[in-house]
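What follows is one structure encoded as structure tokens, with my remarks underneath.
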Amino acid sequence: MAYPMQLGFQDATSPIMEELLHFHDHTLMIVFLISSLVLYIIALMLTTKLTHVSTMDAQEVETIWTIMPAIILITIALPSLRILYMMDEINNPSLTVKTMGHQWYWSYEYTDYEDLTFDSYMIPTSELKPGELRLLEVDNRVVLPMEMTIRMLISSEDVLHSWAVPSLGLKTDAVPGRLNQTTLMSTRPGLFYGQCSEICGSNHSFMPIVLELVPLEYFEKWSASML
């Protein structure tokens, strides 16, 4: 969960989000070094009267500032492509959950269980209990087992939605007539919040997502109580 005045990402909960944070830091360092070098050169040109007459015509300089950006782009692109392939890879999921977007709530179906379906609505501000988060709490949380690969099938009944949970590194579009899929795996238990990240209508900001990741034994007890 993000906190007020937070400038960075939320703490990583999944291996994918950890990789995304490492890639962000890697890219940010490259951008910082480039910005520092450009700022230094600009300051140098503005503060000195000495100019090398052949610098701007030197073939070596043109070669360097053509090759160096290409090398920098490669050092950014290769880790990015690696993470993209990791995010698309699905290996023998232990559980499948189908998520449908509606105007304006989510419905969930545990396809490995019979008749385990429910809708998830935002709790109105007037009905919140002490300690609950405004515009983020729901009446039915999505309970999932931690440390297990879970496949999410995501679609929509009406308009475009987007199922996003930042701390898990998840953001998948819910498109009517199309079934998208993504995987998640949590390395620790807890409550993880997300929201619809697509401008889907007047109540777009009132479609929260709450995942409750618990140990397997607690998930089995919960699923048995829901059937």
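Even glycines carry a Cβ here, placed using N, Cα and C.
Automatic, uncurated: that is what TrEMBL annotation is.
Per TrEMBL, the feature domain 'Cytochrome oxidase subunit II transmembrane region profile' maps to 1-91. For the domain 'Cytochrome oxidase subunit II transmembrane region profile' (1-91), DSSP puts the residue distribution at 63 helix, 0 strand, 28 coil.
Look at TrEMBL and you will find 92-225 tagged as domain 'Cytochrome oxidase subunit II copper A binding'.
If you look up TrEMBL, you'll see 27-46 (among others) marked as transmembrane segment. Remote same-chain partners of the transmembrane segment (27-46), defined as residues 6 or more beyond its termini with a Cβ less than 8 Å from a stretch Cβ, comprise 72, 75-76.
Tertiary proximity for the transmembrane segment (66-85) is limited to same-chain residues at least six positions away from its ends with a CB under 8 Å from its CB atoms, namely 16, 19-20, 23, 26-27, 30, 34. Taken from TrEMBL, the feature transmembrane segment covers 66-85 (among others).
DSSP assignment over the domain 'Cytochrome oxidase subunit II copper A binding' (92-225) gives 19 helix, 61 strand, 54 coil.
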